[in-house]
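If you check Swiss-Prot, you get these features:
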ACT_SITE  144  active site
BINDING   143, 147, 224  Zn(2+) binding site
TRANSMEM  14-34  transmembrane segment
TRANSMEM  39-59  transmembrane segment
TRANSMEM  158-178  transmembrane segment
TRANSMEM  195-215  transmembrane segment
């Protein structure tokens, strides 16, 4: 059951990434058709913008991310138990030892960053280290190490970049169309087929950004499920992960502001969104995550 869930989550992520590229291609073609009169040019331009966005975000420094989240690097002497658990999980996962950081905050949370295992880092709050027992902490660190091993940070970064590219292209296309930069009417002897293409293009401009955001959220949620399952694969202790999630669910929001890009990295929502805002949350509900672990 465990390996079936891991394989299923990986397949779903691949499908969602394909859908993402289709969305990017569709919005590019729509803008190209409406503004430039050439859907081929718009399609190619959109893909180029998407790749540039993704590459620039992937190579963001680990130190920058840690600084944005008020994390400080610690040594084995400063936090031996925490350091050794990270070391153990990395060894079992067969990845290089990540750098180890602590965030001074009473809330219970942790995150990992790095575009590849060789430059990865793990951070945990002081609150989490104080409250979790060893089995629970192994579950949390196993979750973060799994993100590193599965290249989840890179995948999530690509998803954010593609969503940003779709929104940017849609915004530019809408403004150019609104302010008269659209296709010349003397070239538009519209027949039924052209009218359908025009309608599709306008709908793409309107709906693509929302669709891109929803796909990005779906990818992020699938990677969280995968990291939970992969953590159990490393620790062989589903109850430890379940107990950790139960404590995380009762945790207070973090004491310092966390931007949306960083919030997606954490094992638990650092802002504790409620109401309609929770619909656009990057993590699945903790109750659902616990339920999946219980059925392994």
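Cβ atoms here come from the backbone N, Cα and C positions, even for glycine.
Where Swiss-Prot records a feature, it is marked here on the structure.
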residue	record	Cβ within 10 Å
143	Zn(2+) binding site	28
144	active site	28
147	Zn(2+) binding site	28
224	Zn(2+) binding site	24
For the transmembrane segment (158-178): best-contacting stretch of 14-34, 39-59, 195-215, by Cβ pairs under 8 Å: 14-34
Close approaches to the transmembrane segment (39-59) from elsewhere in its chain (Cβ under 8 angstroms; 6 or more beyond its ends): 21, 24-25, 27-33, 115, 154, 157-158, 160-162, 164-166, 168-169
Cα separation, residue 144 (active site) to residue 224 (Zn(2+) binding site) (Å, whole number): 10
CB-centroid shell, 8 A cutoff, Zn(2+) site 143, 147, 224, site residues removed: 112, 144, 146, 152, 223, 226, 227, 228, 230, 231, 267
